[in-house]
Amino acid sequence: MITEHSRARNIVDGLVRSILPVILALIVAGFIMLAMGSNPLDFFAGVWTYGITGGNWQRSLVLMAPLVIVAVGLIVAFRGQLWNLGYNGQYLLGAVVASGVGPYLFAALPAWLATLIIFVGAILVGAVWSLIPAILKARYGTNEIITSLVMSFIAVGIVNLLIKGPFKDPNTPMPQTAVIPDDQLLPYIPGTEIHVGFVIAIVLALVAQFVLSRTSFGLRMDIFGASPKAARHVGINSTWMVILLFALSSGLIAFAGSIDVLGQYTYQRANWDPHYGDAVMPFVFLARLSPLAAIPLVAFYAILATGGTLAAQQAGLNVDFLLVIVGLILIFMTITEYVGERRRLGQSYLPPGLRRTLVRPFDGMRGRKSS
Amino acid sequence: MSVLSAAFVTVFIATVIAQAMPLLLASVGETIGEQAGVLNLGIEGVMLIGAFSGFVVTLATGNFWLGMLAGAVGGVIANLAMLVLNVWLGLNQIVIGLAITLIGEGLTSVLYLQNYSKSSTSLGTAPELHIPFLADIPVVGPAIFQQSGIFWVSLLLAIAVGFFLAKTNWGLSIRSAGQKPSSLDAAGGSVVKIRSQAVILGGAFVGFGGAYLAELTTATFTPFITNGLGFIAIVITMLSRGRIVFVVITSFVYGLAVAIGPALQVLGFAVPADVIKMLPFIVVILTLIIFARSSVVPPALGAPYTRGAR
């Protein structure tokens, strides 16, 4: 009976559980669109047209760069069962380091050195910003969901103040930072219009995958995530672990912000917040907190978001409808998970023969040999 | 305008009340849920749905009481997702809470922009209730005793919940569902039933709070109108440890933090709008840092109850 779940079957199982929720969410979202008087087929056709065809796939890949890095940042925290939900503020802090300090650095230093300093600066700012939630969690067990969220709202305010104040471009009446010239932005991958941030993101995901699954640090993280008590018994310093994981997570998300500004946006407006973390969240779970598995799922969302922005307007909807789709994916993900667990665990009291008939009633008809 | 002028103080007190009440109601709703062991992270979305339902009904009927009722109903409907998926099926509260927040934000924003963005959406002012004699007190009278009747009903409801949670058998069942569900089970109560009641009642309060925000505080609806208020409600609930008196006090402290900004602007200090928006969050995080040790939550919070499981 143990061999019933072979490796291949596990992979198929995992695929079904990752993709089914997305399909169900899209179907339900379609019905909601119908109820709102929009044509869902137009919308999905629009997603295809504006997200993939022509040169649009390149725009989708550009969007993937920050999304993948944010996903890795979330995975690092979630693996340790730390709920870092302050991602919006952390992202904007990283972005404002690039857009606000960037113009001064580029004016004074060679582009490569300025870029490096911006990246390191963004990561440090993100890491330091996470210290308050991390220390409160480690010392007093204060719920990090709340503290990181509250810190995020404060960060959004600070970023807006910076953009309207010291970082404001004096040459425009709009509250925004100075535009970084094209020749100082991240270079394109030769032959495309995709900046190298995309490559950095993919490499980062691969490295994270290796560290998490093949090194002792990854194992310690998983032990800590599974049970901080058990972690203490094998000599893992849980205070340090909370602070380190939070800093890594927040630093990576801030890094995504700086890459996005240097690769795509070239400047930053006040009150701008792309909410990448909210969007990426379900796919991080669907990927079972694996950076490698997150890549294709994030690619799917990047296409949906790139195409969906225009497609939603065409279908007479607001872009915020994407939030509904993402929320639905989250709900169907938990339901799929529930049904999956039920099938495996809940029916184990049945005799094996009866159980197989119940779980897979059509096996006999296909004439497969029953063991 | 001088600090001591009567009109200024009156407006200030009224602003504090208007800002505190939505938060107070939402925190009461969240308290009921948390005491029963259900952490509702979707409260932001539930509030938005309550605010939007209230707005739509009042705009259509012109009746503020109907709008408040619609807000409560909307809140209950939004919380049904939490009820079915978490309380009945035992799925992850954090994930479902986020999903409810996202869907609430997305749906209300899309529906508002689709239907109401082109017309005037001001609800006007709710009819005021002049309380005899008290309303005639100089400064305080117009600020406190000429509020809409909705204000008094809200306050009474909050106090009633505080009484029921602390003094009745039903409140005891709620609290045991959050403290030690297995003991409630052993005593012959049903954890699922008690938690279901808590989630439904909590949803009604949160939706009511959302409607209060749209009807009385802002007199209109705009997408993302709550702007993190739901998350502040969660913090207040944590800090209050289930005691409604503290919920009331902290909510009014929040109201003060919000009202100080515009007041300073009136007095001639140029306070940037971003600082005003940040101020409550800074107060919250400082409170959390200072009182870190006292933000205790029920032991079974966030854990779905499975009978017989350890």
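If you go along the chain as it appears here, the first residue is 1 and each next one adds 1.
Using the three backbone atoms N, Cα and C, a Cβ is placed for every residue, glycine included.
Annotations in TrEMBL come from automatic prediction, not curation.
Copied from TrEMBL, the annotated features are:
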TRANSMEM  A:15-37  transmembrane segment
TRANSMEM  A:57-78  transmembrane segment
TRANSMEM  A:90-106  transmembrane segment
TRANSMEM  A:112-132  transmembrane segment
TRANSMEM  A:144-163  transmembrane segment
TRANSMEM  A:194-213  transmembrane segment
TRANSMEM  A:234-259  transmembrane segment
TRANSMEM  A:279-303  transmembrane segment
TRANSMEM  A:315-335  transmembrane segment
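Taking every listed stretch (A:90-106, A:112-132, A:144-163, A:194-213, A:279-303) in turn, the largest tally of C-beta pairs under 8 A with the transmembrane segment (A:315-335) is reached by A:279-303. Long-range contacts of the transmembrane segment (A:279-303) within its own chain (CB-CB distance under 8 A, at least 6 residues past either end) are made by residues 14, 17-18, 21-22, 47, 51-52, 57, 60-61, 63-64, 67-68, 70-72, 74-75, 78-79, 202, 205-206, 208-209, 212-213, 322, 326, 329-330, 333.
Tertiary proximity for the transmembrane segment (A:57-78) is limited to same-chain residues at least six positions away from its ends with a CB under 8 Å from its CB atoms, namely 51, 84, 87, 90-91, 192-195, 197-198, 200-202, 204-205, 208, 212, 221, 225, 245-246, 248-253, 255-257, 259-260, 263-264, 276-277, 279-281, 283-284, 287, 289-291, 294-295, 298-299, 301-303, 305-307. Counting Cβ pairs under 8 Å to the transmembrane segment (A:234-259), the stretch among A:15-37, A:90-106, A:144-163, A:194-213 with the most such contacts is A:90-106. Within the chain, the transmembrane segment (A:112-132) has long-range Cβ neighbours (under 8 A, six or more residues past its boundaries) at 84, 86, 89-90, 93-95, 97-98, 101-102, 105-106, 147-148, 151, 155, 184, 186, 243, 246-255, 257-259, 262.
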